[in-house]
């Protein structure tokens, strides 16, 4: 690494994005150099991480640094500027394949020990363990979340809008949620004055105390406890079903069992056993015997009854059928395949399914494959309310119009696992009636307590102080830099939010707020204001907690852009640096296969373009480097031209692919730089390149196209040969020469 | 008149309220005297006003003062405290009858000259002219409006709630309004820097200028111009009809042709000719010939076609019938009689019909007499939006619950004819395409202009500065005195409201706002906030312009109390005094008839009770007379007991009547005063009375009941004999003696 501060770390990852990097990076490096910015790489691919884990087994020249550890350390530096491309979250089979490939290339890395026995095997297993799964994000996500629609993407959506279903003023669709008995109604919250340990305890009716969990909390940490009554939840479900039966509106359930991975499967299970009440009443004992788990959806019934005699299976299937006659129509996830809303818990994920429904005239699909007005059942009222607000808004004002609507970027609290509700280690399903309480271990003080009943779901939530302070700073910075009003979504009726509000008001004082419009509003007020502004073409930053961050960064992007995949996702690191995440589409193994077979890479580097533009802009601001800002802004415009002129990669061999889209990016970027008048030096530098590229457009495109259609060899899948990959990814001599000329 | 400032002027009016006064006033006088307050009367009955008009024809002892003129003068005094009872708005037949009665009593007043010829007759006619119609209100309403649900009435409604229709979350009902082309979209507004004259002009396509109106404006006066496009209006109506046809939702129109008496009949007429388009297309020429005016509703067709041959009438009726098949179902005003929403323009008055619909599950009645979900069509978006907000709110939260909901009193701008939209002398239906403009007569400056088309409705509106300043003061006073947040409803998208906002912000500075919660919000935000607070049991003062005053003082009272008739209506006079209006039920001629025939007066003096309580309370504050405040508060509680114990007058002879309810008022009032501990002096004074009344309850009620069932003689209808009327209205010697004992 060099000593210059003005440095972008571009991550080398896996598969398609890694291949695309061979083509894109030379362009980026050439352009960035004009602003005095170096672009370094950091290889955090699975293969590199394997190699870095066993230096003692490799020859000197085979060894690689532990880049992920270095990057992790870098997140603590104010100078960090990291472009983070999608990488493989390796499963065991993937890891095995990578190991085999490396071994075949002459690297003496050990086999993956399935069942380690010796100390050596255990050590190896432990080292590989650190590479498995989503190992990268926890190391790098040392900040809160800044998500926004980049200007180029927004402009494109305005010009070429996605389809939006018309809303009828007479729509019967609505959101339905509990009015008591849910987490919202029972939430209690404290802020720790000093650091200390707390115990989460259950006190039985017999007075016995069971410690469920012990936690060390920081000074200033916000700690919440809350529960959902199983009885009230079941009554609520029954009520919604009867209401649908009466009104003829279709019934649908929207939870987030993937994120709220302890609480929401239970909630989902209650929905299943209430909807199919007659079935479970009749077969309850049998189901228990054969291991049916309603929390896994009705699919669990279909699955488990296979062990029963044929005739009994038929009877059960008939009983399921009878439930449909008794109950209101249910929304389908896949009406062709007959997959209902209650089939498996991960099928309807509220943050995606609700925007889809809202975009689709407030309707979902029925058993007959037709769109219908729907009751969207979301038990927990805390967040469900915002969807009812949106639905009322659409009934009143019609569907959002992507061609005119403003944008609602998000600043989300997430650093250091802030507000991780419902998941993980602090959610409990009550096994008996009693009292749940949180006790200060040092003083014995009861910080909060709830009377609970068997089946109730109790959960706690932690939010550390430093992330909140950073979140406030981020919100102010975003408001300042984008000259946009920012609304803190804090509900006066939520105990947790009132703890946060006190901190927000305190930490806002640390900033210069002159000329800024920063407000604190309850959720309904905040979303209403954001929508009222949006339909008038005005932008509003939503500054929210973690769950709303998750929900809103789907909701508004889907309305504005038709997808949340085109959002720019920045993690401004708490230490002062920045990480720019590119895309959420995974690392695309099928793309690699197509390249190897047809020499066509359909990977779209849009996410990289967007991240780079933001990274350059930030660098320009941080180091008072106007050239960097101009580079970033020109890149954003160039990305806009890519979109508008349809120069994104095609899926079909022979047409423009990833490399071609990179050429056009370079062309437009150079043109924008040559034509801008803010920095004539920079314009002068890029003028010849722009002219040459413009003149050679047809030639370069032809050179890029001419190589397609034949198999190529890149020397590896997980660990390709850099020279070979580079050669494959840079087949236009004309383009390469032009880029070289700039660097000179 | 005496010289004491602490004086209530109790108006003597006509018919039932005047009779009731003979019973109530002695009670009031006795009680008020305890706080050193005099109660004087001022006879503004039709008869008194006739007598006052012809002093030269009467003997000295027959002469009466011109009380109305005196009262008018009194409104300019800061000490005015006037209880204004309902009076006759005399028609010519009523006036004739009054004259005849006075003549028969020996008063030499002249006959009413139908067609005055001589100068003398003309003079007589002119004098009588001043007595005709609604002559009293314009003289007395020298202030803005303060309307609220008195504590006693609110408490009663909470304890004995009226019925409220359940709201379905799946309701299809909604409000529909124009999105452009209406008054809202075209409103322009100026504030006059100096006093001066303006001309409202129409400039034709040929350049000819037609002066439509000349006006003298005051310095600081706000002047608005706006128009509604007839073409857009008709397109809008057609769209709403097609939408209803498609969705199966019933169609209904809500306008206010009685108040917006120039603009809204025209709007109504367009609705008629659009709904019955085929009919008017086919018969247009014939209808014109026979004088059909669609602005008078379809009834005009039924009415005028009677002059056509039988066979043609039948054809027209068939064509009307065919329209119903073509068009969506229309809401009925009277489904039994087959009276539709479009029959006559005064049948569906928005400020009453919308609350009725909202109270009725958002439904209206169809042709089959069944309740149905409804599209409430209200073309002008300015105010229609608030109803959609209420509808969305009820869909989300269910019907309002009168037992728990807070109250929304109103402080309304109305003094000096502020914001008199759509009526009278500044509304014009365009006869040709051209330009409407408002020109400063002195400078020739064009203050505003609109391009208009034939058929468009243009109107202007005036709001003087002093009433605005007074309105702000009233709002602050109400917020202070009731310790209630106040919201100024001012819409940032309305030109007029932005002129007002500047003044409001200016005039708020004249007051001590410490500890007060005074906000300015747009209409949707204001009503939403008021509703959110209301369902949490919190009160919110709505501070609004004239039209919203009219709408909201029906909307919230109907939700809260089931009727707007039980509202307290105060006109705090701009000069500093107060006028307390009692009830809106008219002066009830049938009640007099029943009294004369059966000696049973079913008039309910509830309005008088409420007004008196407010009047006493205000007097107490103004003159730092704590006894008066205690009297007022005790009276309010006594009124509560009347309601709760069902001691209001019955309609049936032999049961408790007006006099009996007055006894109970006195009883409860005395008890409350005896039992209060804030003023022991006062308690001591009323203790014996309370004890005696309690002891003699059965006896007094029996005495009051014993006289019923026989005819009585009161010596006149318009000009009863005071002694006779008093004797009839005070038949309980026991009660009379007890009251006398207090006065001693």
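Glycine is no exception: its Cβ is also placed from the backbone N, Cα and C atoms.
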From A:347, A:351, A:368, A:740, grab the residue that TrEMBL records in the same Mg(2+) site as A:550, A:554.
A:351
Name the one residue among A:86, A:134, A:140, A:351, A:587 whose Cα is closest in three-dimensional space to that of residue A:549 (D-threo-isocitrate binding site); these are the binding-site residues.
A:351
For residue A:602 (NADP(+) binding site), the three-state class that DSSP assigns:
coil
Mind giving me a neighbour count for residue A:587 (NADP(+) binding site)? Other Cβ atoms within 10 Å of its Cβ, every protein chain shown.
22
Binding-site residues: A:88, A:135 - member with fewest neighbouring CB atoms within 10 Å:
A:135
Which one of these binding-site residues has the most other Cβ atoms within 10 Å of its own Cβ: A:86, A:138?
A:86
Would you identify which of the binding-site residues A:134, A:137 has the most other C-beta atoms lying within 10 angstroms of its C-beta?
A:137
Residue with minimal Cβ packing [other Cβ atoms within 10 Å] among the binding-site residues A:136, A:139:
A:139
So which other residues, same chain and not among A:351, A:550, A:554, have a Cβ within 8 Å of the centroid of the Cβ atoms at the Mg(2+) site?
A:256, A:349, A:350, A:352, A:355, A:549, A:551, A:552, A:553, A:555, A:564
Most Cβ neighbours within 10 Å: which of the binding-site residues A:147, A:549 is it?
A:549
Under 8 Å, Cβ to Cβ, against chain B: pull out the ones among the binding-site residues A:84, A:587, A:604 that qualify, in sequence order.
none
I'd like the Cβ neighbour count for residue A:140 (substrate binding site), meaning other Cβ atoms within 10 Å of its Cβ, all protein chains included.
21
DSSP-derived class (H/G/I helix, E/B strand, else coil) of residue A:84 (NADP(+) binding site):
strand
To the nearest whole angstrom, state the Cα distance for the pair residue A:604 (NADP(+) binding site) and residue A:141 (substrate binding site).
24
What binding-site residues among A:88, A:136, A:138, A:147, A:351, A:602 are found with a C-alpha within 10 angstroms of that of residue A:256 (site 'Critical for catalysis')?
A:351
